[in-house]
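What follows is a single structure, written as structure tokens, with notes after it.
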Amino acid sequence: MKRDIEVTKVNNFLLYLLIGVVPLIVIPVDGKLETAWTKLLFMLGISLFFLYLSIRRRDQIIFMENTLENRFLAGYFILVLISLFFSLDPLISFYGSGYRHDGFLALIAYCFAYLIARNAKDVEKHFFPIITITSLLVAVYAILQFYKMDPVPIELYKLEWIGVAFATMGNPNFLGSYLVLSIPMPIYLYFYKGKKLGLLAYAVLFFALLTTRTRGTWIGVFIALIAFLVLHHIRSGFTKKQKKKAVTVFLTSMGMILLFMITSGNVFLTRFLSIFSDFFSIIKEEETAYLGGSSRVYIWGKVIELIKMRPFFGFGLDTMYIAMEMYFRGQITYDFGVYRNFDKAHNEYLNIAVSSGLFSLFAYLGFLFFTIRKGMRKLKNHEAYVPILAAIIGYLTQAFFNIQVVMVYYIFFVYLGIASSEQAIRVEKTEATAAENYIQ
């Protein structure tokens, strides 16, 4: 019994390292701060330790339980592995490109993050405060960058951006994706646990999201907040006190938007209105419609052409830039006046298809579907599933416009692991669950 508790504590500690420490890792290498592969190395170290733990304590750690969602994940993993042999550059697909580091090695780390979360036990007490504190540090850093008060000398950054919020993620889009996953957590602390500091943390995180100026992640958070309310309604409905809290969160959001508009000029309105102008430009099929969404529409069109060329196993992980140059260099140069190196699809679903084929995309979607379905079925077991599922839904929404990156994607897999796990979140003792246990 004592050994069981010790193994659980170690596994939970690995989980806390993933969500609490890895997002903060930024290490100077050759005089420049590295935000990607330094995080990946730390994740791989955690993964190796978990592998060692699961071998030494295989009677207490379930490495890969035979469940429907795990079968789809295994299928996805195997299909990506097979795609390595069809890659334009197998070495790049294994290690990842020198810029993204999002190869098969990174996929291994993501899967281990999922397995660690799946083997966690009773983590709800520490999980949400840790994510909130870490994301709060990242958010404050981003806000300082946006207002040109960056405490780090600009010479240390690979891209010498001034007045741009990217914090420890290296890019505003990646920071936005991270905040989509983080924002529902302090709301949970405020909404369910009555922590006023949770509301304050939410305000800071929401403000930091605005400073990223990334429309896709704004949409993602909007959907996540709506999902939070809908999931709560499905779970238990709203009490009068909870309705007041929901209104407070809404007013806090409006307050942060107003503050941002006052302190940043017309940045918010310009970006916000461009969402609709780009949309209507596409609907009307205007001549410049392909430039919509920062050229995303153009990229999607070219990616779909690539998928048609290799529908089964794709071009290989992290090699899209090679395929683009190979097949579309002349066209891209003609359309933009200069060659633009599009190395990702700016849509995670298309990116999976072009990298490892349509079958791997179907396996991935199956994994997501059955994981979310399992989380939904446990919604009444504990209120903690509300923010977890809301964050997952928000992330999947912004994934239509963004790319998976080493700095963020593992946290998404942690959430999937929590949603899939039978023990990560303790079942609340209610009259209903007591009756169910009695019947069983």
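Backbone N, Cα and C atoms are what each Cβ position is placed from, and that goes for glycine too.
Restricting the average to the domain 'O-antigen ligase-related' (201-365) gives a pLDDT of 90. Among the features that TrEMBL reports, domain 'O-antigen ligase-related' is placed at 201-365.
Taken from TrEMBL, the feature transmembrane segment covers 12-29 (among others).
Per TrEMBL, transmembrane segment is recorded for 35-55 (among others).
According to TrEMBL, the transmembrane segment annotation covers 76-97 (among others).
The annotation transmembrane segment is assigned in TrEMBL to 103-120 (among others).
Under the heading transmembrane segment, TrEMBL lists 127-147 (among others). When Cβ-Cβ distances below 8 Å are used as the criterion, the transmembrane segment (127-147) is approached by residues 15-16, 19-21, 23-24, 161, 163-169, 175, 178-179, 182-183, 185-186, 188-189, 198, 201, 204-205, 207-208, 211-212, 263-264, 384, 387, 418 of the same chain, each at least six residues removed from its ends.
Here TrEMBL flags 159-181 (among others) as transmembrane segment.
Taken from TrEMBL, the feature transmembrane segment applies to 193-210 (among others). Beyond the transmembrane segment (193-210), the same-chain residues lying 6 or more positions past its ends with a Cβ under 8 Å from any Cβ of the stretch are 132, 135-136, 138-140, 142-143, 165, 167, 175-176, 179-180, 182-183, 186-187, 217-218, 221, 248-249, 252-253, 255-257, 259-260, 268.
What TrEMBL records for 216-234 (among others) is transmembrane segment.
According to TrEMBL, the transmembrane segment annotation covers 246-269 (among others).
Here TrEMBL flags 349-372 (among others) as transmembrane segment.
As annotated by TrEMBL, transmembrane segment applies to 384-412 (among others). Beyond the transmembrane segment (384-412), the same-chain residues lying 6 or more positions past its ends with a Cβ under 8 Å from any Cβ of the stretch are 18-19, 22-23, 35-37, 39-40, 43, 96, 100-102, 106, 109-110, 113, 124, 127-128, 168-171, 173-174, 176-178, 180-185, 187-188, 192, 214-217, 219-221, 223-225, 227-228, 231-232, 235, 293, 296, 344-349, 351, 368, 372, 375-376, 378, 418-419, 425.
In this chain, the transmembrane segment (349-372) lies out of contact with the transmembrane segment (103-120); the count of Cβ pairs under 8 Å, excluding pairs fewer than 6 apart in sequence, is fewer than 3. Among residues of the same chain six or more beyond the transmembrane segment (12-29), those with a C-beta under 8 A of the stretch's C-beta atoms are 35, 38-39, 42-43, 46, 49-50, 53, 113, 116-117, 120-121, 123, 126-127, 130-131, 133-135, 137-138, 156, 168-169, 178, 407, 410-411, 414.
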